[in-house]
Amino acid sequence: MSLLSIVDAQVRFGGVRAVDGVTISLERGNVHGLVGPNGSGKTTLVNAISGFARLHDGSVTLNDEQISGMRPDQIFTRGISRTFQSIRLLSTLTVRENILIGTDRARAEGDGRGAGKLLPRDAVNDRVDHAVALLGLEKFAGDFPSQLPYGLQRRVEIARSVASRPELILLDEPFAGMSRAERDELSDVLIEIADDGFTLLVIEHDMRIIHKICSHLFVMNFGRCIAEGSPRETAELEIVQEAYLGKQHGTA
Amino acid sequence: MISWLAYYDDVIGHMFVLMILAFSMYVVMRVGVFSVASIGFWAIAGYGAAIADQYDVPPLLIVGGALLVSGVFGLLLALLAVRLSGLSLTMVTIAFVLLLQVIVLNWEDVTGGSLGIFGLPVHIGTYGLLAVVIVVAVLLALYERGRTGRAQDSLLHDEQLAQSVGIDIRRQRIVALTLSALLGGLAGCLNVFQTGMMVSNEVGFHVVVDALTMVILGGTAAWYGPVIGAAILAWLPQMLSFADEWRLAVQGVIIVVVLVFAPQGAAGLIQRLARGVAAKRRSSLLKRREPQDVSA
């Protein structure tokens, strides 16, 4: 059974079909990549999964429970956590407190229906400590986000997601705006997170990173999923090359 | 000192009443809702208390009744208002206050019209009001620690983020609006108990402006924001007595200056200074221990 199944998902903004009949499923423990040109519907798909965009048709199910139609906060308590394209940290809270927010409404393990009890204090501390260590933020836990460089701020966001111990983490361009060195470091961290048992869906443009971290790749264009499979094979497909480079032959 | 306290007893007492009204404004603003419904509940409870007092209802019973009525009406208004957001929600609360003003002015048999109700016994003194303020402040400070405080922070600064970490925005707002109604009702009731009167002036737009002044000056960063804001507002007439009829104009200038240079108000300023100090202390600590690994 797939962890998450999306069947014939459609999201429209006025006359624009931002997501136009996407059917994909995510497998537990995998790192999934989601690529496609700008405006191809990647973020809208992530918004649809996390409840920030309403589906006009189709369905999203997590562990056999339909989550499409639920509010974002309900979807979070079912076990899907996400980050945003822009950095969303609270400047008034320390790094550790920003990560704590991820655990505040998280439910105790073994409860998939979102109705479980809130976590006891020591479980919260364990999760936050674990997330802090996993993302290499030990030295900065007492700092305020504005004191950290951009790359580390991104890590705090990912730590916030990890600390909630979700079934699925959606990362919307976590590498955007990073230097090459920061990208390499963060991709190593994402591999560690996956080894820790998390399932990820990562939006990213850099195919080098995709090859490094992803075991399964989805390619979107014009609101549709035009190809999927192992990153190496999928990237080679002509339809994918066309989507990215345009219909032009003879380029190196 | 004693004579000073005696001389300004009314001002100090009024300041404590204003603090509770400011708390009422604060609890909704804290979760990112711009509501002036507090003034409505201040008025409902005020007139309710004044009318009941004419019939010699025991004061404690009046307070209980005021809390019950404003709590129920607050919940009803909240259920209606959370369907809206942003400016529309604010407009509903403004309409609520204006509606009450019309009722108060026209229902003369009950409210005394523009003259209001006066000559009532004084039920609470300055120390009694101080005790109430302390109890409310302690409860609020406890309430906004930890989980709840972080949820309020996220709602104030970034609604989408709040939703993405499982915070039910509507529920938080219903709780905040109801709590605000309770505090507004409490303040309105105590106002009548302190002054012995309820006049139509207490429902008008100028109360809305005063209440907003308190939360703007004090800020919504923490519970002590409204305390500071109310303290400033209560003493403004004394401090600005030199300005005579220009007093309101000077008050307006002060608000504009605060909004431009310290938009988070006094509480925000205090928190920012505290963050700066904490950051400096940490960085100097780190420098001293640089060679070893510093784990937080």
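Yeah, the Cβs are placed from backbone N, Cα and C, and that goes for glycine too.
Remote same-chain residues near the transmembrane segment (B:12-28) are listed as 5, 34-38, 41-42, 125-126, 129-130, 132-133, 136-137, 140, 173, 176-177, 179-184, 186-188, 190-191, 194-195, 210-212, 214-215, 218, 220, 223, 225-227, 229-231, 233-235 (criterion: CB distance under 8 Å, separation of at least six residues from the stretch ends). Taken from TrEMBL, the feature transmembrane segment applies to B:12-28 (among others).
Sequence annotations record features per position, and here TrEMBL assigns transmembrane segment to B:33-52 (among others).
Per TrEMBL, the feature transmembrane segment maps to B:58-80 (among others). Same-chain neighbours of the transmembrane segment (B:58-80): 37, 41, 44-45, 48-49, 52, 92-93, 96, 123-124, 173-174, 177-182, 184-186, 188-189, 193, counting only residues six or more beyond its ends whose CB sits under 8 Å from a CB of the stretch.
The feature transmembrane segment is assigned by TrEMBL to B:87-104 (among others).
Annotated transmembrane segment per TrEMBL: B:124-143 (among others), in sequence order. Within the chain, the transmembrane segment (B:124-143) has long-range Cβ neighbours (under 8 A, six or more residues past its boundaries) at 5, 9, 12-13, 16-17, 19-20, 23, 27, 59, 183, 186, 190, 193-194, 223-224, 227.
As annotated by TrEMBL, transmembrane segment applies to B:174-193 (among others).
TrEMBL lists B:213-236 (among others) with the feature transmembrane segment. Sequence-distant neighbours of the transmembrane segment (B:213-236) (same chain, 6+ residues past either end, Cβ-Cβ under 8 Å): 11-12, 14-15, 18-19, 21-23, 25-26, 29-30, 133, 137, 140-141, 144, 156, 247, 251, 254-255, 258-259, 262, 264-271.
Positions annotated as transmembrane segment by TrEMBL: B:248-270 (among others). If you look at the transmembrane segment (B:248-270), the same-chain residues 6 or more away from its ends with a CB under 8 A from one of its CBs are 213, 215-222, 224-225, 228-229, 232, 236, 240.
For the transmembrane segment (B:174-193), the list of distant contacts is 17-18, 20-21, 23-25, 27-28, 30-31, 33, 35, 37-46, 48-50, 53, 59, 62-63, 66-67, 69-71, 73-75, 77-79, 81-82, 120, 122-124, 129, 132, 136, 202: same-chain residues at least six beyond its ends, Cβ to Cβ under 8 Å.
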